[in-house]
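Quick look at what TrEMBL annotates:
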| type | residues | note |
| --- | --- | --- |
| BINDING | 71, 143, 145, 146, 290 | Mg(2+) binding site |
């Protein structure tokens with residue numbers, strides 16, 4: 001009998017692999033060489049749109065009935081003022097779609113030489129990401145470039161794809177082109193893909209989608225040595241709150257800060273002991289595409305992901321996770337202690353108000 005979701009994982013890995021090549025190309029051509037005005041974020045916008053068009057096209061060919069919840073919308077590209085950017089996006093997406101077939105690819109997914117798409121087809125592919133989400137049925141989430149500022153700096157970013165079925169994440173794939181292959185051996189270079197299927201474990205693959213290595217979150221040796229994984233930008237997650245939690249736990253280790261869902265991948269292979277993303281203000285709602293792939297990756301590597309109330313993240317509320325109670329991800333052996341410390345600090349801060 002075929003492995004459950006084996007085809008979905010295969011397609012997702014192939015789509016993320018091609019999108020990693022595409023986004024790396026955007027950085028090399030449009031950012032590293034500064035061919036545009038310094039500080040102009042249009043290269044990352046071009047990469048976002050082109051990667052979503054690419055992934056959506058592959059999903060449409062492989063699973064034509066599955067809706068998509070994606071970050072991007074093509075309305076600004078359909079008007080005359082968007083022509084220059086639109087032309088670059090179409091060119092990039094077609095370069096990625098028509099690249100030679102690699103291990104695991106299937107021409108039926110609309111990839112390989114001669115599989116160019118028209119501008120209208122690719123704009124429609126981007127707009128297939130406009131699904132509203134919900135609690136019933138299958139849906140894919142796409143975050144084509146997660147960690148915009150990290151991408152622009154040439155640091156950490158991620159290409160993220162997940163399959164949600166009846167509110168539960170079943171498949172998650174995260175591509176991290178700039179993450180070290182092996183943090184203990186930096187000479188081995190950078191670039192890896194992380195994949196997980198519900199009930200089947202998590203693994204790290206090469207950037208070509210080969211050579212799988214099983215992932216398991218290592219046990220915590222001591223709370224003092226626990227290293228928090230945090231966002232680089234304080235606007236994304238409260239560093240000061242995390243410092244209070246560290247003090248409550250007796251943590252002495254310096255936090256490891258990086259952009260994107262690369263933090264989830266790093267947690268799974270022991271580069272940090274816990275990932276905290278606590279709200280910095282009221283009103284902001286986390287998007288489902290920012291956490292769905294990372295959640296299943298951590299859970300399948302033996303970890304736990306909850307909000308600050310100890311509740312599982314709810315991916316059936318629409319395009320967001322609803323009211324923001326933060327995100328806490330850690331190994332099973334330490335999650336309850338981190339959660340208790342978070343709640344303790346929350347109580348202390350509330351008492352001061």
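Cβ coordinates are placed from backbone N, Cα and C, and glycine is handled just like the others.
Shown are the binding-site residues 71, 143, 146; the one with the most C-beta atoms within 10 angstroms of its own C-beta is 143. Close to the recorded Mg(2+) site, the chain also has 48, 142, 144, 147, 158, 160, 260, 261, 287, 289: residues not among 71, 143, 145, 146, 290 whose Cβ is within 8 Å of the site's Cβ mean position. Proximity of residue 290 (Mg(2+) binding site) to non-local residues of its own chain (separation of 6 or more, Cβ distance below 8 Å) is seen for 143, 146, 160, 261, given in sequence order. The Cβ of residue 145 (Mg(2+) binding site) has 23, 44, 47, 48, 51, 151, 157, 158, 159 as same-chain neighbours under 8 Å, each 6 or more residues away in sequence.
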